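Novice: As annotated by Swiss-Prot, (6S)-5,6,7,8-tetrahydrofolate binding site applies to 109, 110, 111, 112.
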């Protein structure tokens, strides 16, 4: 099939590679423009662009799809169908109307749950035990189009957002190449979503990762996994940020001020009082330092009466 592919980050590469391996004709790959990245702010191409160039596929990097000249360029490619995997912009009607079969989208949740930009983080924060991936048809609204197929995936209590997102897009890529030909032949009836069950996630900001020690330990522990790799769950010590990479819930009587280091675990890691129970800091990263064990950080602090968040 003649496919127009839209995607940008590393986990979107799984879908592009799967489509190429399945023998589809990729008439164009639309991805975000090169952006400055790293400490030296060097202009860096999106991972999807790198993958597309490796297969000698035509690449387009418009600043926005709202530009009428961009719409004309995409239309001239004459795709039969579009595939979207974390492109980074909601498609407007002018773009949606280009392929006769519309656009299939990979969304890493069991829609209508966790619509929006951060479904994996949302599921982890909520303490879900299962999640999944949905192949859906795009419409002008956000993640509200009819469903073609879903796969249910276990969400273990140690899952981290970055790794889980990659896994879900791998599963989604396999599901996509199974669904696409059947959909094109009319063998799959799109199923409308139950909008009454919909939940919506938000775009994350850096400050979302700042720890409020008055929250229960279980909530903060989930933050360390939901906000990995960005924005990270962090606090402050002596005015400098301290990222909490890995943590565990520990029992505590709750008589201490939240944020206070109340002792050590059996492994020597600091135990921090929270609004309910304590949080064992297993792995942390001080500002401008490499990640280290919580016990190593505590040994290097050389202070009594430690209170985090200040």
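Using the three backbone atoms N, Cα and C, a Cβ is placed for every residue, glycine included.
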Novice: For the (6S)-5,6,7,8-tetrahydrofolate site given as 109, 110, 111, 112, which other residues of the same chain have their Cβ within 8 Å of the site's Cβ centre?
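Specialist: Once 109, 110, 111, 112 are set aside, the remaining close residues are 107, 113, 114, 115, 119, 132, 134, 143, 150, 193.
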Novice: For residue 112 ((6S)-5,6,7,8-tetrahydrofolate binding site), list the number of other Cβ atoms lying within 10 Å of its Cβ atom.
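Specialist: The answer is 20 other Cβ atoms.
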Novice: To see if you understand the setup: which same-chain residues, six or more apart in sequence, place their Cβ under 8 Å from that of residue 110 ((6S)-5,6,7,8-tetrahydrofolate binding site)?
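Specialist: In sequence order, 130, 131, 132, 133, 134, 150, 152 meet the Cβ cut-off.
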Novice: Taking the Cβ of residue 109 ((6S)-5,6,7,8-tetrahydrofolate binding site) as the reference point, list residues of the same chain whose Cβ is under 8 angstroms away and which are at least six residues distant in sequence.
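Specialist: Counting only residues 6 or more apart in sequence, the Cβ neighbours of residue 109 ((6S)-5,6,7,8-tetrahydrofolate binding site) under 8 Å are 115, 119, 120, 122, 123, 131, 132, 133, 134.
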